[in-house]
Amino acid sequence: MAHFHFSLYKNNPLLFSSAGVFSFSELSFTVEPKDVAVSHGERVILDCQARGESPIGVRWRKNGVQLHESGRSRVLSNGSLCISSSEQSDEGFYQCLAHNRYGAVLSQKSRLTVSMLLFITHPVPAEVTLGSVARFSCAVSGSAVISWELNQRSLPLDSDRITVLPNGVLQIHDVTMRDAGKYRCLATNMASRVRSQEAELTIIPALGPRPLMKPHIIAGPQNISAGLRQSVVLECLAEGNPRPLVSWSRADSKPIDVSGARVLGNGNLIISAVKAHHSGTYLCRATTPGTRNYSIAPGNLTVLVPPTLVEKPESQTRPRAGTARFGCQAEGTPVPRITWFKNGQVIHSNGRTKMYNNKLVITQIIPEDDAFYQCQAENSQGSVVSTSRLIVVLSEDRPSAPRNIHAETISSSAILLAWERPQYNAYKVIAYSIHYMKSEGLNNEEYQAVIGNDTTNHIVDDLEPARNYTFYIVAYMPMGASRMSEQVTQHTLEDVPLRTPELSLTSRSPTDILVSWQPLPPKLSRGRVSAYRLSYRTATDEQVISVELPVPSENCTQYLLQGLQPDTIYLIRMSVSTRVGWSQPSAWNSHRTPKTSSATVPPAPNLELEPLNCTSVTVRWHPAPSDAVLQGYKLSFHPDGQSEHSVLQLSPHDHQHSITGLNPRVKYHVKLLAFSANGDGYQAHQTVNTPGCPSAPHRRLAALPSPDHIHATADSSSEVSLSWGRPAFSSGKPVSYSVRYGPLSPSDATAMRYVQTSEQTVTVKGLRPNTRYEFAVRLHMDQMSSPWSASVYHRTLLEAPSSPPRSVRVSLIEEDTALVSWKQPDQPDLSVTHYTVLYASQSSWLAGEWQVLQREGTNTMALLEKLESGNVYLVKISASNQAGDGPFSSTVELRLTSKTHHSHAEKTGTPHTSGLSHMDEKSMSGIIAGVCIALSCIILCIFILLSKSTTHRKSASSKMIGQVRNDVMRSGASSANQQQAENAEVLLPMMRTHFIDAKGGTNLMINHAGPIMSDAQSKRKQRSIFNNNQKSNGNKSKVSNRDKCFSQLFQFCVSVSKSNLHYESTRNA
């Protein structure tokens, strides 16, 4: 027994064709009404003429409601509608309905607009600075020509500074004092002339020369929707000093069609008679001449296109109980809405009449279905109607309907149908047609199975489990069919679930995992779910733990696994059960529990995934309640079985993100976490399956293949070279390429740039150093463009620091310790690996000997320890990274005084210059006092010696004094050398002619006066002098102790005097 099983969208082989049976010319329109715009009080005629078999009647509808004639409106003899004096209430959509004995047809819609010239936007007062830019705007209801008046006189347009745009905008560049005054708009059309309110322009005098100013766009292009063949104004008014240059481009890098485009004024783009290909995003760019300073303003242009029918319904003849199918497809912008009419009345779905994807399907045709059927496509730009006719063929001796229909459930997917033959004319039956559909829901598709006349039972399979189905049967004869039988309803059995739900895994603490899922749809559950079984284990342990969860209600969609180990990978899977049995378990899903931490991190967000289409998924989330201050989100995704892609960092204000460029029919893992100052929070993990892509049988343009083998190479810190291969397709036509690039950063998600080239290589310049960029390429040929290629990612090279660290400061925090602080060099996107700190005393600086400290790039402070009191230290700093070393900062001076209890540091941010430091007032006072005391002692000693001298002791005294003078001179020289050595240590940074042997060995120090002995050497020399004195005078017992005292006192005075004089000469040097 042969039988056929197919959807109603397939042609029934037993139904008859209508070709050539009737001409279907019984009723149609020769003239249909069109859109009309009139002024208030004007006479209106809407044309409508029909032809067909007489008599033909014509009625009119306004906004879908029948229009009755009145004193102002009447129907003319040819069917046209006349409105003698139009009013505002007459506005609306009009249709004429023509009818005769075959049925009725509707015309296309006509829009009547009654306009009164009124201002809907008036100009507003403005204050601008002398030499800047002024702008006024106005708008009217209806079509009119806009002009401007200044102080109630026509504004002269003889200057390039003044521009009036067709949309009513007035622009004045380089305003002068003569431009001040009251401005108003004048709108004029065929019916009237109206003026707007006045707005005063005030000019503020400039206080001096106009300062330099970066370009700023005062009025950029707006998002505009324009009808086909209308004129469009894309305004771009910019100011700056010097005056910026304005240029235009498209965001998709397509060239602007210049055939109908022109620039008006100082950068306004006018497109006359726009077409569909003019739609897109236009970028206005204002650039300072000779610089890279610019400002961009985008505006979107949408060209609205009236609907057109690409598939029209065809007239057809069908026998009674047959099936008729009418197709209708339309294009336009916005997407047209399809409405079906039967004899001028809107069709609604019922048991026999269904509408699927704009198609009309009528099953079990009856004589009343014989009528005119119309498809109307409508959008904001108009409507279009196509008419078809259905003729029903009747037979006089058709069989009666099949009887006693019985249905019996066999399994979860099959039902057995049985029936008895028709009571009358059963011998004429050649086949039976079984019709069935789901009982629950709306607009369910009806299926049909055709079998031969040699049986009265049939098994309908491929049904969904646990579903109610409705059946009826029709008996066919060669020239018609019987009535439909009575309907029966039967329920299929439950079955084992087809698969398990997708799991979502999150952790609320380091020792738990929250497992959640969505209920299975009936098509997958194949019955009522009675239980879930969760199985889990660690990745290193083979022992599996299972938890069985009965389902008290459909809301049982989550379970919390507790008592787990922190920082451990767990594998989790699920099985689902109906009353029939358990499904196969799902694949293992992995999840790592968080580490134990004392810090409070954000909890896992509540994650929702929804496939947007076959290549995109919408990710939505809601932050869980928490006291943590969120700094953002981290989103990652990857196909099942593959490693994770790069992590996207999103703003804390984002709660939705679209993942695009996915593959159809692939399972993806999506992971999301929030992070704060304490670190990354707990992660939410879900999976989603992308659906299959629908076929596009009516796509008229074949898509070009995308470029392949894209390779990126970083040439420098600001340049990346791209190369790609031309896709393999046979065409001798020239092609061009667009390169899209932008930083891979959520804050710069919109900072995409485009480069156009005809080569297969390009060097992208002007990039930021050490930044990861995304690159993609598409191909253009004629008016076609390929999809964007797969993105490639590449990072620009590091750039060595080009400027020194800023704000270098030195502060003394202890007697021998100073703190150096600085700021990172003023260079954007700079990565610093370490800082180098050089410091030295002045003497070491003169010898080119620096001490070196290095600090990590994250540290901007350093301690200088073991500094010597009384020295002046010089400090400078440089920044470095893997690309090289940067310049050193200006040298900063740190001065330490010799008195520790008054120690302080003086710093300056200017470069250090050579020169000797000046003595302070306290040092000078001390030197003067010492010299005075020494001179007083010398005079006193000389006076005493002269007064005590006697004649008999002159010879001895002379000898003694000569010896003492020699000793004192030697002792004074030794003391002077000792004091000079001490002063040399204190004043070491201040002296130019010192040389220090830093290589070890002798402690000898040399200055311009000769060798300087150390303290120990000087003391030994003094002891030697006094010992020699004692030996030389041992035999002179007549010299008194008092004379010795005076001699020693004289020695001390001379020594003090010489020492102070030498200190003063050294400081002055």
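Glycine residues also receive a Cβ, built from the backbone N, Cα and C atoms like all the rest.
The following features are taken from TrEMBL:
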COMPBIAS  584-600  compositional bias 'Polar residues'
COMPBIAS  1027-1038  compositional bias 'Low complexity'
DOMAIN    13-113  domain 'Ig-like'
DOMAIN    131-202  domain 'Ig-like'
DOMAIN    215-295  domain 'Ig-like'
DOMAIN    307-391  domain 'Ig-like'
DOMAIN    401-495  domain 'Fibronectin type-III'
DOMAIN    497-596  domain 'Fibronectin type-III'
DOMAIN    603-696  domain 'Fibronectin type-III'
DOMAIN    706-799  domain 'Fibronectin type-III'
DOMAIN    804-900  domain 'Fibronectin type-III'
REGION    584-604  region 'Disordered'
REGION    899-918  region 'Disordered'
REGION    1017-1040  region 'Disordered'
TRANSMEM  924-946  transmembrane segment
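Note on the region 'Disordered' (584-604): residues 499-500, 503, 505-514, 533, 535, 539, 564-575, 623-628, 630, 640, 672-676, 678-685, 687 of its chain, located 6 or more positions outside it, place their CB under 8 angstroms from a CB of the stretch.
Counting Cβ pairs under 8 Å to the domain 'Fibronectin type-III' (706-799), the stretch among 13-113, 131-202, 215-295 with the most such contacts is 215-295.
Between the domain 'Ig-like' (307-391) and the listed ranges 131-202, 215-295, 401-495, 804-900, the one holding the most Cβ pairs under 8 Å is 401-495. Highlighted: of the candidate stretches 215-295, 401-495, 804-900, 215-295 has the greatest count of Cβ pairs under 8 Å to the domain 'Ig-like' (131-202). Looking just at the domain 'Fibronectin type-III' (706-799), the mean pLDDT is 81. Per DSSP, the domain 'Ig-like' (131-202) is made up of 3 helix, 37 strand, 32 coil. Broken down with DSSP, the domain 'Fibronectin type-III' (603-696) shows 0 helix, 53 strand, 41 coil.
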